[in-house]
Amino acid sequence: MTEEKWITRFVFLESVAGVPGMVAGMLRHLKSIRRMRRDNGWIETLLEEAYNERMHLLTFLKLAEPGPTMRFMVLGAQWVFFSGFSLAYLISPQICHRFVGYLEEEAVITYSKAIIDLENGYLPGWEGLQAPEMAIKYWQMPEGQRCMHSLLLYVRADEAKHRDVNHALGNLDQNTDPNPFAAGPEGNLIEKKQLLEPYHIIGC
Ligand SMILES: [Fe+2]
Ligand SMILES: [Fe+2]
């Protein structure tokens, strides 16, 4: 895998990864309105996940400009995945969260492989490369820790959180249980603390 091939893989992966949180958040939002009852604090976490995935995508787009074939593939994948996931979420949100948990684990594995390649010197183009400005701002990357290696560690840490959050949500009663990661008073303090704790990434 070259640097370019990794970026292509990341862009495609992230363009799909941004869908589930938005679909789940939207469907729970509509359900809350329709049934005229509270959502138990799930929507915010789901939309936050979608936003985080979109930031991953936008960050990698600063490093490569996808061609027309790639754009067409993203369009096709979004259409299929959005339709399929929406339908599946209406049928069984619990199974969907479990599925996303496993998908996020795959993302963790992908980023781990890229990190190992970089550490072993197979990606020389990334060795002296600084993370894009928007990534530095978004993750508040400290001075001296703004290289590509750090960036990949930040992104992988996000994916690991998505994995844990979705597996946890998949364990819950979708209609009655509060979201343990909610920022509001409904959230469990310990889980909230883990989720909001700043990263301690040392990569450069
Ligand atoms: Fe991501
Ligand atoms: Fe993710």
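Here the Cβ of each residue, glycine as well, is placed from N, Cα and C on the backbone.
Remember, TrEMBL labels are computer predictions, not curated facts.
For Glu14, Glu53, His56, Glu159, the entry in TrEMBL reads Fe cation 1 binding site. Shown in sequence order, Glu104, Ala107, Val108, Tyr111 are the residues of the chain, 6+ apart in sequence, with a C-beta less than 8 angstroms from the C-beta of Glu159 (Fe cation 1 binding site).
In the three-state DSSP assignment, the secondary structure recorded for His162 (Fe cation 2 binding site) is helix. Taking Cβ-Cβ distances under 8 Å and a sequence separation of 6 or more, the neighbours of His162 (Fe cation 2 binding site) in its chain are Ala17, Glu49, Asn52, Glu53, Val100, Glu104, Ala107. As annotated by TrEMBL, Fe cation 2 binding site applies to Glu53, Glu104, Glu159, His162.
Annotation source TrEMBL lists transmembrane segment at 6-27 (among others).
What TrEMBL lists as transmembrane segment is 72-91 (among others).
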So which of Glu53, Glu104, His162, listed as binding-site residues, have a Cβ under 6 Å from an atom of ligand 1?
Glu53
Which binding-site residues among His56, Glu104, His162 have CB under 6 Å of ligand 2?
Glu104, His162
Is it possible to get the count of other C-beta atoms within 10 angstroms of the C-beta of His56 (Fe cation 1 binding site)?
25
Using a 10 Å cut-off on CB atoms, tell me which of the binding-site residues Glu14, Glu53 is the least crowded.
Glu14
Taking the centroid of the Cβ atoms of Glu53, Glu104, Glu159, His162 (Fe cation 2 site), which other same-chain residues have Cβ within 8 Å of it?
Ala17, Glu49, Asn52, Val100, Leu103, Ala107, Val108, Asp158, Ala160, Lys161, Arg163, Asn166
Number of Cβ atoms other than its own within 10 Å, given for Glu104 (Fe cation 2 binding site):
24
